[in-house]
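Enquirer: Shown below is the structure under consideration.
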Number of protein chains: 2
Amino acid sequence: MHLVKDIGEAGLLAIVQTFCPGQLVGDDAALVSISPGQQVVVTTDLLVDGVHFSLGLAQPGIVTMTPEDVGWRAAAANLSDLAAMGARPLGITVGLSLPPDVPVAWIEGIYQGLAVCLREFAGGPILGGDVCQSDSLSLAITALGEVDPQAAIYRHRARPGDVILATGIHGAARAGLELLLKPAWGEFLTTYQRQTLIQTHQRPRPRLDVIEIIRRYLPTERIAGMDSSDGLADAVIQICQQSQTGAILWAEQLPLVQELPPELGQAWGFYGGEDFELVLTLAPAAAKTLISHLNSQAAIIGEITSGTEITLVSDTETITLDPQQRWQHFEV
Amino acid sequence: MHLVKDIGEAGLLAIVQTFCPGQLVGDDAALVSISPGQQVVVTTDLLVDGVHFSLGLAQPGIVTMTPEDVGWRAAAANLSDLAAMGARPLGITVGLSLPPDVPVAWIEGIYQGLAVCLREFAGGPILGGDVCQSDSLSLAITALGEVDPQAAIYRHRARPGDVILATGIHGAARAGLELLLKPAWGEFLTTYQRQTLIQTHQRPRPRLDVIEIIRRYLPTERIAGMDSSDGLADAVIQICQQSQTGAILWAEQLPLVQELPPELGQAWGFYGGEDFELVLTLAPAAAKTLISHLNSQAAIIGEITSGTEITLVSDTETITLDPQQRWQHFEV
C-alpha cells in the first residue's frame, strides 16, 4: 500500500491536480467570474479527524466515515453555509493537512468525495488549494458563492410577525452518529432505518435547492435565517439574538426524526446539529409559497415575536429557552 | 497563564471576532463587493508549525518566530500570491487549528500579526474563518483579490524576446532562517546585517507595490510571471515550462544577497526561496519603464528564448539548468 510519505509533495500535488480543472492548475491563484450586480460570498470551515469525523487515526478503532464521506461532508458543510446566505456556489479551495503514514488512496478518496458532492449540488470546481504534512488529518475548505446583495439571507433580519420555517427532518444526523459510535445501540430500528440515519450523518445534503426556489418564486422577499448545522434550537436562538427579537416555537410542529423514542427524537432533533437544513423567518404568505414548492419537506415551527424571550409551547407546558443552555427537556 | 483549553471554543471565537469588522460577524459567510469588470482571484495556503515556521511546539527548543511573526508571514505569503496574479487584495479568511495547551496570548499574537500585515499592505479585512482544536498548530489562509482579467499575470504568457525581471534581493530570507536555526553561524555579519536578514525571514513583504505601478504605468502590457516563494530558479523554470519557452539567465545580474560569501549567496539566492519577490517577463521597453518607477529595486536577469533549455551564463561558464534538480553549482 502506497503511503503519502512514499510519494512526497510533488506526487501529492499531481494527484490533487487531477481533481482541478486544467486551466486552474499552474498559477499562484485562480480567477473566478462573478455575474454583474452580485457580491462574492466567502466562508471557511475546518474539519479535523477526531473532532468532526473519525477515520481511525486520531482515535484508533473509531471509524465513522470513509475518506469519500469526509470529502463529501467537508464540501456539503461549506455549501450549506452558502445556502444559509442565499448564495449560489462558484467553487471551493481545499487545504489538506495529513500525516505521512496515511495511504495515498485516502487522498484520492477525500478528493473523490469532494468532487462528487460538488457535482451533485452544482457547487462549482475545486479552484485550487494546498497540501501539507501535519500530525493530524484535517481539511480547511473555503467556499465561494455569489449573491444579489438585496437577496442575501442574514441572521439579523427577522421581524416580529414572521413565521419560522424549518426544512427537512432534524435529529437524523445525530442518530446516525450514535449508530456508528455504538453499533449495538438502536436495536428497535430496521436495517433500512439504520442505513438511512447513518447516511444522513455521512452524506448530509446542503439545501441549495431551497435557495433556487426562493430565487425563482420569492426573489424580492425579505428572508432571515441560517442553517441548522449547530442544531434547530441554536439556529432559532442565533436568529433571535442577532435580530433582537423573541420567538414562540410550537413543540408539536418541530420536524423531529420519527424513528426514535420521543425523548431522544426531541433531544437530538432540537439540539443535535449537523442536519444542515435551513431555518428561515419570513412573512406567512411567503412561507406558504415556499412550502408549496418544497413538496411539504418544510414546516412552520413557530413565529418571531417582539421582546427577546424564546418559548417552546406544547399542549401541556410552556418552557423558556435559556440561550446559554445546550439542552432543556420538554414534553411533547 | 491562560491556555486555550481554559477558555473553550466560545472564548476563542470571542477573541477572533475582535479582529473581524463588526458587520462581518454573526453570519454563516461574509459578503464582499467586486468592482465592475473585475474577476475574483482566490488562493489558499497552509502554514504548519514545524514545517513553515517553528513556535517551539512541534520541535521543542527550536523557535524561529513569535506568534505575531507567524500571523504576518501567513498573511504576507497569501498577499504575495495575489501580487503574483496582478491582483488587488479584498481580504482573507483564517482557519486556525491549535493544540489545547497553547497560551491564549498566542492566538491574539497570531491575529495581531495578520491584522498588522493586512493594514500595512492594504490587504483588506479578515472576512471570517474558523477555529478548531488539533494536535498541530496550523493556519489555513484564503486570500481574495480582484483583477481585470485582461491584466492578470499568468505563468504561461512568456514569449521569446521578453526580458526576465526580478524585484528585490534574493537569498536574504534563507540566510535569516539559518541565523535563527544556528545562532553561532554568520560571525562575519554585523549585528545590523544579522537583524536585517532575520527580519526578511520573519516579516516578508509582498510586492503589491509593484502591481500598483504596473496598473498605473503599464495597464495594457502583456506580463507573465509569478512570485519567488519557492526560489528564483524555480520561478524561471515554472514560467518557462508553462509558457513552453526557454531562457538565458545572466549570472552576474542575479540580485543575490551581498552580505554572504559568494557561494552561499548564489546557492540561497538562486535556490533558497521565501523571498516573496516577483519574477516577471515582459517586453524590454516595458521592463525599463517598470524599473525606472521601482527606484532600481529590480534587475533584468535574462531573457526568454525559443526552445525549452534554461541556461545560466557567466563570464567563465555556461550551465544548463535541470528542472528536476533543486541545486546546481555555478561560478560567478
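Glycine is no exception: its Cβ is also placed from the backbone N, Cα and C atoms.
Automatic, uncurated: that is what TrEMBL annotation is.
Feature list, courtesy of TrEMBL:
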type	residues	note
BINDING	B:Asp28, B:Asp81, B:Asp227	Mg(2+) 3 binding site
BINDING	B:Asp28, B:Thr43, B:Asp81	Mg(2+) 4 binding site
BINDING	B:Thr44, B:Asp45, B:Asp130	Mg(2+) 1 binding site
BINDING	B:Asp45, B:Asp81	Mg(2+) 2 binding site
BINDING	B:His52, B:Glu274, B:Trp327	substrate binding site
BINDING	B:Tyr111, B:Gly129, B:Asp130, B:Arg155, B:Ser229	ATP binding site
BINDING	B:Asp230	Mg(2+) 5 binding site
DOMAIN	B:26-147	domain 'PurM-like N-terminal'
DOMAIN	B:159-312	domain 'PurM-like C-terminal'
Enquirer: In sequence order, what residues of the same chain, 6+ apart, have a Cβ less than 8 Å from the Cβ of B:Arg155 (ATP binding site)?
Expert: B:Ala224, B:Gly225, B:Met226, B:Gln238, B:Ile239, B:Gln242, B:Ser243
Enquirer: Can you tell me which of the binding-site residues B:Asp28, B:Thr43, B:Asp230 is spatially closest to B:Gly129 (ATP binding site)? Compare CA atoms only.
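Expert: That would be B:Asp28, the closest of B:Asp28, B:Thr43, B:Asp230 to B:Gly129 (ATP binding site).
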Enquirer: Mind pulling out which binding-site residues among B:Asp28, B:Thr44, B:Asp227, B:Asp230 sit under 8 Å from chain A, Cβ to Cβ?
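Expert: Going by the Cβ criterion (under 8 Å to chain A), the qualifying binding-site residues are B:Asp28, B:Thr44, B:Asp227.
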Enquirer: Restricting the comparison to the binding-site residues B:Thr43, B:Asp81, B:Ser229, which residue's C-alpha is spatially nearest the C-alpha of B:His52 (substrate binding site)?
Expert: B:Ser229
Enquirer: Tell me, by DSSP, whether B:Asp227 (Mg(2+) 3 binding site) is helix, strand or coil?
Expert: strand
Enquirer: Pick out which of the binding-site residues B:Asp130, B:Asp227 has the most other Cβ atoms within 10 Å of its own Cβ.
Expert: B:Asp227
Enquirer: Taking the Cβ of B:Ser229 (ATP binding site) as the centre, count every other Cβ atom within 10 Å, in any protein chain shown.
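Expert: Summing over all protein chains shown, B:Ser229 (ATP binding site) has 22 other Cβ atoms within 10 Å.
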Enquirer: Are there binding-site residues among B:Asp81, B:Asp227, B:Asp230, B:Glu274 that sit within 10 Å of B:Thr43 (Mg(2+) 4 binding site), Cα to Cα? If so, list them; otherwise say none.
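Expert: Correct set: B:Asp81.
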Enquirer: Count the residues of the domain 'PurM-like N-terminal' (B:26-147) that DSSP assigns to helix (H, G, I), to strand (E, B) and to coil, and report the three numbers in that order.
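Expert: Tallied per class, the domain 'PurM-like N-terminal' (B:26-147) gives 35 helix, 47 strand, 40 coil.
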